[in-house]
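Here's what TrEMBL has on this protein:
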DOMAIN    A:289-455  domain 'Helicase ATP-binding'
DOMAIN    A:504-726  domain 'Helicase C-terminal'
BINDING   A:C523, A:C526, A:C563, A:C566  Zn(2+) 1 binding site
BINDING   A:C532, A:C535, A:C550, A:C553  Zn(2+) 2 binding site
Amino acid sequence: MYAKVIVDVPAKQTNRAFDYEIPAALRKWVEVGSRVGVPFGPRVLQGFVVELLEETQMDTKRVKPIQSVLDLVPPLTEELVGLGRWLSRMYLCHEVTALQAMLPAALKAKYERAISLGDESGEQSLLDLPDLQEIVAFVRAKGTVPMETLMERFENDGSLIKQLLSSGILMEAQMVKDRMTAKKALTVFPPADGRSLEEAVGMLPARANKQQDVLRYLIEHPHAIRLTELMEAVQVGAGTVKSLADRGWIELREVEVMRDPYAGRSFARTKPLPLTEEQSSVFGEIRSAVAERRHEVFLLHGVTGSGKTEVYLQSIQECLDQGREAIVLVPEISLTPQMVERFKGRFGDLVAVLHSRLSNGERYDEWRKITRKQVKVVIGARSAIFAPFTQIGLIIIDEEHESSYKQEESPKYHARDVSVERAKQHNAAVVLGSATPSLESIQKTMRTGNGEKPPYRLLTMKERVAGRPLPTVSIVDMREELKNGNRSMFSKSLYKAIEERLQKKEQTVLLLNRRGYATFVMCRTCGFVSTCPHCDISLTYHQSSRMLRCHYCGYAEREVKQCPNCSSEHIRHFGTGTQRVEEELGKLFPGIRVIRMDVDTTTEKGSHEKWLTMFRDKQADVLLGTQMVAKGLDFPDVTLVGVIAADTVLNLPDFRSAERTFQLLTQVAGRAGRHEKLGEVFVQTYTPEHYSVQCASRHDYMAFARHELDIRANLDYPPYHRLILITFSHEEVPLLVRSAEAFVTRLKELAQEQMNRPVDLFSNMEPSSESFSMDVLGPVASPISRIKDRYRFQCVVKYRGEAQASELVGRTAQWFEERSAKEKLQISVDVDPQFLM
DNA sequence: AGCACGCCGACT
DNA sequence: GTCGGCGTGCTC
């Protein structure tokens, strides 16, 4: 038997399967998906088996044998191995990178070089050197010594050791090890027949009280027990138990244990709640797809507080009743203990939780519960989409519009797209839930001109549970405030509203809408922001050159001192900090208790949780923060939400800025008045007439979506066209520019070849035409123009039609890497980027 | 990614 | 004449 193995070297030249022989002894352990140690050149590497082969016409002389199998159960299923290939093609990464991404970090290979004594009959003359004698003596005493220890012990450049190795006096062996091992605990086993324990009590010396206690305890509780628990229960030391084991009365062994992050916490079991009419009609649709084992993608558009989670829970129950498994993805930020509690409460020990706050060991153990079939439901952040289940019936993606479902490192996958791909393989249903669905998803629920069935099905929940109304949203025009002489960051109405809550002892959430590094320039009198005449996005201010620049096409203009629109001189560079808001709050409302949540205050582990608990316990009047306060919070006493400046996201140089603004405003407004008390929302803005602000204030998602889709269609942006972002980096700009331009030229050449006809790539693409079309923008300097002393340039490929473009870009990238490898040029490709920066 | 092989400058 | 620079190519 032979195996095709992908080795752990993420490089162009090794991005293929290598053939290995499977030794007879390992035959029954090696399967597709096994992790193996294989000799590769002079070393031993970790690899993944992707195919099994019978003895065929292959060149058997050149194959080496697999050295070891690293897991008892293959960590990947055949389906996941196939998914790895799909990922590598779709997102243009090395296959091993894709496979690695599907495993917990604990299974990342660790390589160890061990030195042992070799053939001492070698060149004995070498041993005349005292230094060498010393080393050999050290190795002889130890048996095997890790290379690192030897290097440390004999401070040396390693040349002596190298000499000994090449002469054969010392030998080197390489091993593949796990970064993390299963945790072990000493466990006490009583002998199989209870009788001998009784016997033992009599045979012990009368004064061996403690040992007798232990035995009596074990007679009463005749099952295996952890040593630490036994010591606790009988109040004895480890020595007492050990001596019993030495006499052979009991057995003491190391047993693998699971680290349970939720150990000692009990979750109150909950029963399914009665569903509203809307909920049950939505549930009915999902249930029938699950029951019929039909692959279908549902987009569940439910307003904030409409009870989506209960629908998820009951749908999962249906899936479990079918004997199948379910995956639930949640944005990292909202994977709070409350969220976990709801799932553990309903499904108990059948749930595994995967999130980034777990230690590597904890995550590994949660993950092993899946491979061991101990759980049926996984709830987790992005990477939980790779849970190694074999019978998936349902995949749920909550808050599907969240950009955190896109991984920023290679493989730059989008969990939403991966979920659909996996669901197809399993004939499973997918539920994408959101109060503000992404335009990509909503567009997929719509009928296209050619009358085909749309790929996704839209389900809607318009009402909050228990008939609670959505909060009223007031738009505050900050230009008016300025005219009336209010230069503070709080409008009169927001100020009054906060004051009122302080008196009524109700709580306020304040959102400072700030993201990214890009600063934009705006007129404070009329709200005018300079935009690019070709791209319809706002220009970014570059401090160094004092220029306004477009990041998509490179257009630039001089910084303005006077507003081109109204001639006002109140031009401001935006980018306000939460600290400043906090200070001003303190001045306006002496004694106000504010909890500030931003990147500065939430880096520490568990701090995020701590602040929210404090706020819940009413130890503060105001929760002030960035985007993170907008998501999923549910506090009964919050009756006021204020958005300090809605425009900061709106004016980012990104075609998705209107979408992000609408989402953020809708989500944060959803935080108010979720319980008995009514909610009120104030949105401060310099562009009150903007449709994203207007639609959010009316809670009108569909109106927003229609308007925005129109704009996207006209400007050839997603979801009608797809994008690929290619970033080049190098220490020197001229070389970088030349290379990036060469790349673009080559890509266009290939595209023309492919289309087999001369194509004017820059002609307007007719949205109605059937064929593949493509446009390349740039190269231009990246918005972050230098990182770690490397300059960055980027270009954007816009295309429509099948995945040909990503294949073309892949081929161009390969060509590029071949010719520029030595120049230390780096290239990074992002298919369907979330941010063009 | 590593590592060996191989073809041209500055030294005993 | 040799030691060593890192360009090129391979790893089942």
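We count from 1, first residue shown onward.
Backbone N, Cα and C atoms are what each Cβ position is placed from, and that goes for glycine too.
Just so you know, TrEMBL annotations never went through curation; they're auto-generated.
It is A:C566, among the binding-site residues A:C523, A:C566, whose Cβ has the fewest other Cβ atoms within 10 Å in the structure shown. Per-residue confidence over the domain 'Helicase C-terminal' (A:504-726) averages out at a pLDDT of 83.
Counting in whole angstrom, A:C566 (Zn(2+) 1 binding site) lies 22 from A:C550 (Zn(2+) 2 binding site) by their C-alpha atoms. Taking Cβ-Cβ distances under 8 Å and a sequence separation of 6 or more, the neighbours of A:C563 (Zn(2+) 1 binding site) in its chain are A:C523, A:T525, A:C526, A:F528, A:E569, A:H570, A:I571.
When Cβ atoms from all protein chains are considered, those within 10 Å of A:C550 (Zn(2+) 2 binding site) total 22, not counting its own. Fewest Cβ neighbours within 10 Å among the binding-site residues A:C526, A:C532: that distinction goes to A:C526. Other residues of the same chain near the Zn(2+) 1 site, with their Cβ within 8 Å of the Cβ centroid of A:C523, A:C526, A:C563, A:C566, are A:R524, A:T525, A:G527, A:F528, A:P564, A:N565, A:S567, A:S568, A:H570.
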